[in-house]
Amino acid sequence: MKTNIINTWHSFVNIPNVVVPAIEKEIRRMENGACSSFSDNDNGSLSEESENEDSLFRSNSYRRRGPSQREHYLPGTMALFNVNNSSNKDQDPKEKKKKKKEKKSKADDKKESKKDPEKKKKKEKEKEKKKEEKPKEKKEEEKKEVVVIDPSGNMYYNWLFCITLPVMYNWTMIIARACFDELQSDYLEYWLIFDYVSDVVYLADMFVRTRTGYLEQGLLVKDELKLIEKYKANLQFKLDVLSVIPTDLLYFKFGWNYPEIRLNRLLRISRMFEFFQRTETRTNYPNIFRISNLVMYIVIIIHWNACVYYSISKAIGFGNDTWVYPDVNDPEFGRLARKYVYSLYWSTLTLTTIGETPPPVLDSEYVFVVVDFLIGVLIFATIVGNIGSMISNMNAARAEFQSRVDAIKQYMNFRNVSKDMEKRVIKWFDYLWTNKKTVDEREVLRYLPDKLRAEIAINVHLDTLKKVRIFADCEAGLLVELVLKLQPQVYSPGDYICKKGDIGREMYIIKEGKLAVVADDGITQFVVLSDGSYFGEISILNIKGSKAGNRRTANIKSIGYSDLFCLSKDDLMEALTEYPDAKTMLEEKGRQILMKDGLLDINIANLGSDPKDLEEKVTRMEGSVDLLQTRFARILAEYESMQQKLKQRLTKVEKFLKPLIETEFSALEEPGGESEPTESLQG
């Protein structure tokens, strides 16, 4: 082991040079009382003494030295710690081991590099490969993550539209090609292309189903194995497998004129129904979509019935009687278009129960016509019922609105209201209906949870409320509370929103329309307020020292039809009870506004609390006390009823147990009664 000589300047004169060997060994020697390798002699004597002490330490034949001898080596230990420039106790044994390993690895690398430079190059290459493999592994892990389709998203809905097209194609064309031979033979190449494109879409749909997530405990499942297992456990998986069985191979046996071998493709109809259901919930015109959907179903049924009629006519023989399709050798009835249109016409007349068709002749024809009439009756009933309900739903809002108008008309006639006032009322109702303002927002939104209702109100009204000066810097929670309390109001031309001297119980925000600040004569206009303007915010705060009090200071009149948002004083104060800091801030803002306008009496504002405020607080306290009293009375009544029920139960238990106890006591009083129970127990 190499030792280094370090010149140190120490307070001890006898230590000009210090030899630093292995530090841990020296510490152990000093703890055991052995001589340290540090001494006052030169290097030769130091090494000799250390060798002697090593031999003594190994043979365990030395004795521990006393404290006087240990003091002799104290300067050496001090120098040792000064050389390290840190406390050995602060170093963790783990860190020491790590440093030793690093030193060993570096020493080994140096030795190997000197011996074999090729090995060094190999190791460097291996390290580079590992570095390159790490990003590759990360990329592979990212690739393994399955892309899951959200069933409520647009991507899934668009895919449903894509799969619906081949389903509708198969449901309409397979039966037509099977019944009309010319349709299959003349356009065979096109049909094969469409068929196999639809088969590819069917296969892709099976893959999409394995990547379509589902909700489990409110969370979208993205595990690939779970998605596949759920799809396989579903009945639709079996139907999907049956729908893609390659029955087209039977073409090689029967020929190309048998497209009915592809009837298994019709089993994928559930995807079409799913697409229609989702479209009905997404569209803004659900009633129109329902009617068009119903018409489509009826057309498909008529189409299928026409194809079956033509195939029955072909089986019986064209032109054999008056009921079947005429002879195809006739040029007029030999064209493909005439064949299909004639069959479709016959099917429509039969299924709509019009019945202006030639009567059947054969028994099979009679059976087919009877079945058609039964189907037609069901179709007719379905049409009448569905369309009737749709029309009633479409007109429900109008009927309800009209009933309100009729009720008000009857009331005005009963009270002999003037014709001018009646015209104004009717015009106001017409404006509401034409501008679609008859919807009661609270009634529509009452089925939604509070969170969703609040979010809708925030999206609709929050920007409008922030325009008001006093609410500009309020807390978000207070603004949400106030947004939920805004009430829409509509004023017709010439209506006064407020007049000078009226008590201010509401503030108003103009959503749409124009209002005019007019003189007492109602004609002279001072200012015109437009969209986004507001007024009455100071009066509902009821600020102490206001020269106007809580009364209106101007006449405000609607020029045309105006839509306003109204916030009442009671609603504001109810919201501010939960936000006392916001209340003080609003009052301070109101005072500043009044001071700018010169409408604040500072002397009154600096006085103590207003007795009116105290009265309001007292009334509120009385109201809360009344509520507590009613709750206490209700709880007391419940307690009394429960107590009465318990008494009744106890009396029933007493009645039941009393004869049993009497019989037991009578048995004990009789001679030998004590032995009878024991005997009975033993028996």
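Cβ coordinates are placed from backbone N, Cα and C, and glycine is handled just like the others.
The 3',5'-cyclic AMP binding site annotation in Swiss-Prot covers Arg552, Thr553. The annotation compositional bias 'Basic and acidic residues' is assigned in Swiss-Prot to 105-144. Annotated region 'Disordered' per Swiss-Prot: 34-144, in sequence order. Taken from Swiss-Prot, the feature region 'Ion conduction pathway' applies to 286-394. Look at Swiss-Prot and you will find 353-356 tagged as region 'Selectivity filter'. Positions annotated as region 'C-linker' by Swiss-Prot, on the basis of similarity to another entry: 396-472. The site 'Central gate' annotation in Swiss-Prot covers Phe380, Val384 and rests on similarity to another entry. Marked as topological domain 'Cytoplasmic' by Swiss-Prot on the basis of a curator's inference: 1-160, 214-238, 282-288, 396-683. Annotation source Swiss-Prot lists topological domain 'Extracellular' at 183-192, 258-262, 313-335. Residues annotated as transmembrane segment in Swiss-Prot: 161-182, 193-213, 239-257, 263-281, 289-312, 336-370, 371-395.
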Cβ pairs under 8 Å between the transmembrane segment (289-312) and the transmembrane segment (193-213), at least three: no
Under 8 Å by Cβ from Arg552 (3',5'-cyclic AMP binding site), counting only residues of that chain that are 6 or more apart: Cys498, Lys499, Lys500, Gly501, Asp502, Ile503, Gly504, Gly536, Ser539
Long-range Cβ environment of Phe380 (site 'Central gate'), under 8 Å and at least 6 residues apart: Thr352, Thr353
Other C-beta atoms that fall within 10 angstroms of the C-beta of Val384 (site 'Central gate'): 10
Stretch among 161-182, 193-213, 239-257, 263-281 sharing the most Cβ pairs under 8 Å with the transmembrane segment (336-370): 161-182
C-alpha spacing of Val384 (site 'Central gate') relative to Thr553 (3',5'-cyclic AMP binding site), in angstrom: 62
Local Cβ density at Thr553 (3',5'-cyclic AMP binding site) - other Cβ atoms counted within 10 Å: 20
Long-range neighbours of the topological domain 'Extracellular' (313-335), counting only residues six or more past its ends (CB under 8 A): 179, 342-343, 357-362, 364-365
Long-range environment of the topological domain 'Cytoplasmic' (214-238) - Cβ separation under 8 angstroms, sequence gap at least 6: 146, 148, 150-151, 270
